[in-house]
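Contents: one structure, followed by commentary.
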């Protein structure tokens with residue numbers, strides 16, 4: 001047999017049915033080499049952009065003193081610290097006074113507290129002309145505190161109502177034990193912990209970890225510092241000059257739309273990087289650091305949003321704390337009051353659109369509606385995506401459409417619109 005094998009006649013090359021590895025019928029081929037090539041191409045292409053940027057603009061990064069002057073705003077810090085008073089009063093109102101005064105009075109005072117929390121930062125930003133970055137984070141912080149206070153007031157109100165109607169007797173044991181302590185449902189220590197917990201939804205009990213992992217906490221803290229540094233580099237070295245050049249194109253008497261398209265394509269990539277780093281900084285680093293310090297155990301702050309095939313999937317998986325708050329305090333209460341699911345979804349998305357407009361327009365110190373329109377216009381696309389959900393689950397086309405429309409088209413256009421409107425507002 002060994003001698004026979006040397007004869008070409010007896011060597012059959014094709015002995016069974018085989019499938020090309022790149023065909024859809026192939027079972028789990030190994031694409032590691034192609035992924036390595038893609039990574040190399042990505043690194044080389046981006047390194048070229050870095051070199052081109054430095055050659056064109058030089059180093060635009062600020063020294064530490066200029067950074068502190070531009071981005072560390074004393075009015076913002078005072079406004080941030082000033083929330084101690086409305087938060088303390090909200091606790092005093094709900095935990096100590098609400099059972100002594102009419103419920104409608106409690107709701108009115110709660111509404112006034114919400115107005116204070118949301119309007120005060122707008123005044124501070126407008127009066128002191130605060131830079132966009134600290135302004136955005138100040139507005140985000142005030143909005144977060146406002147949502148937390150609303151959740152606290154809502155749960156306390158329902159607990160009092162359940163006690164007065166004896167409905168709590170039918171609740172699970174963990175809730176029955178708490179409500180039976182009326183009016184001492186909670187204490188100030190638990191309320192303070194809630195303000196620092198990485199959640200917007202108030203509960204009488206939270207899952208807790210046994211200890212603080214110091215090494216793990218140090219690693220996440222370092223990642224948070226590095227990611228924030230990368231964001232500042234992207235903003236100062238790349239996005240700022242690109243936005244300024246885009247504004248110059250828009251200022252021309254006859255706008256060159258080909259040049260404007262080229263500006264948009266240049267904006268898309270660094271802004272996409274900024275957005276992904278922002279996600280990692282906030283949802284992976286900052287919220288986990290807060291969780292570790294407070295020993296908060298439920299750390300599902302996001303799901304696999306990067307695999308979203310529809311916009312509906314994205315909004316359900318991108319920001320779990322906000323999504324949970326919207327379901328708990330807007331959508332489910334409306335459905336329980338016999339509003340239709342479609343209308344309840346519309347109102348939920350409406351409030352989300354208003355919140356996004358509040359943060360972006362407020363930080364830009366302008367009064368506009370583009371973010372609101374952009375989010376509300378997604379409702380028909382979400383409905384269409386739900387209709388074709390089964391078809392989209394069988395392919396990656398939905399995910400490709402999501403990335404292209406949301407990140408490569410929508411975000412650069414939004415940045416251009418708000419930057420240009422803020423520029424026009426600064427000239428008046």
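From the backbone N, Cα and C atoms, a Cβ is placed for every residue, glycine too.
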Per TrEMBL, the range holding transmembrane segment, considering 11-30, 131-150: 131-150
For the transmembrane segment (400-420): best-contacting stretch of 33-51, 221-239, 267-290, 342-360, by Cβ pairs under 8 Å: 267-290
Cβ contacts of residue 356 (active site) (under 8 Å, same chain, 6 or more positions away): 371, 372, 375
